[in-house]
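A.B. asks: Submitted below is the structure of interest, expressed as structure tokens.
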């Protein structure tokens, strides 16, 4: 915006060329508007209807020694040669190409450092829970009603929302064809995901979407990972990642014949150590069901 203002001021119309200080003459000549204005003015005033000596009863050749068009161009310090029309077109086209090239280079190579910490302002929400939840009936369910209505108590949030950010994330694996070399699967990736929103990670097949998710979730055991993964501005540990994130694979892993309770029980028994009593594993299943408000549909087919 400032550059456009400078170009307009020094174009030679608002401030004529003769009034521009010598130390600002360069601004007059580099302005694309200067050359466009000259081309338009010469094209208009050196056209046949105006490139005459006598115009509306005034003989400009006899009075000023110039044709009418040349006289009025001279009032604004404009050049009068018709070649300026071509000069203006060539310069404007050249500057267009130059600015497009500079814009391309800037967008391609200039990168700004993201802040170390991510500051998330809390949103004010009057009601953060649904009072009624209706779920459709599965055709395999034993209950024959059209749907289930679950009454859920209004609850205050008892957890801190977490912002996930990653900065200059690289992931390299050994080249199978040349063990001394490595392949960069992720190259300086930056991004973030704020709580209370859905962030879509889009790209073509093989672009590295799943690889990026695996790296952030700490699921990569091989290769070399560099960069920073931040949780609310603090560098994340493996334990912190496991505690505050959930990871869903691309494919469905639930058995179509299992109930919700059975799926959670299956996961609970696999994830917890054999030394943990079965009663505590069942308690953790019940706790998850209560936290999710699934008590009334926990025994329905997935």
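Heads up, the Cβ atoms here are built off N, Cα and C, so glycines get one too.
Curation plays no part in TrEMBL annotations; they are all automatic predictions.
Copying in the features that TrEMBL gives for the protein in this structure:
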type     : residues : note
DOMAIN   : 2-45     : domain 'ABC-2 type transporter transmembrane'
DOMAIN   : 187-302  : domain 'ABC transporter'
SIGNAL   : 1-18     : signal peptide
TRANSMEM : 84-107   : transmembrane segment
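So where do these features actually land, and what's packed around them?
C.D. replies: Mean pLDDT for the domain 'ABC transporter' (187-302) in this predicted model: 87.
Same-chain neighbours of the signal peptide (1-18): 24, 27-28, 31-34, 37-38, 76-78, counting only residues six or more beyond its ends whose CB sits under 8 Å from a CB of the stretch.
For the transmembrane segment (84-107), same-chain residues at least 6 beyond its ends with a Cβ under 8 Å from one of its own Cβ atoms are 32, 35-36, 38-40, 42-43.
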A.B. asks: Quick one: DSSP breakdown of the domain 'ABC-2 type transporter transmembrane' (2-45) into helix, strand and coil?
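C.D. replies: Taking the domain 'ABC-2 type transporter transmembrane' (2-45) as a whole: 34 helix, 0 strand, 10 coil.
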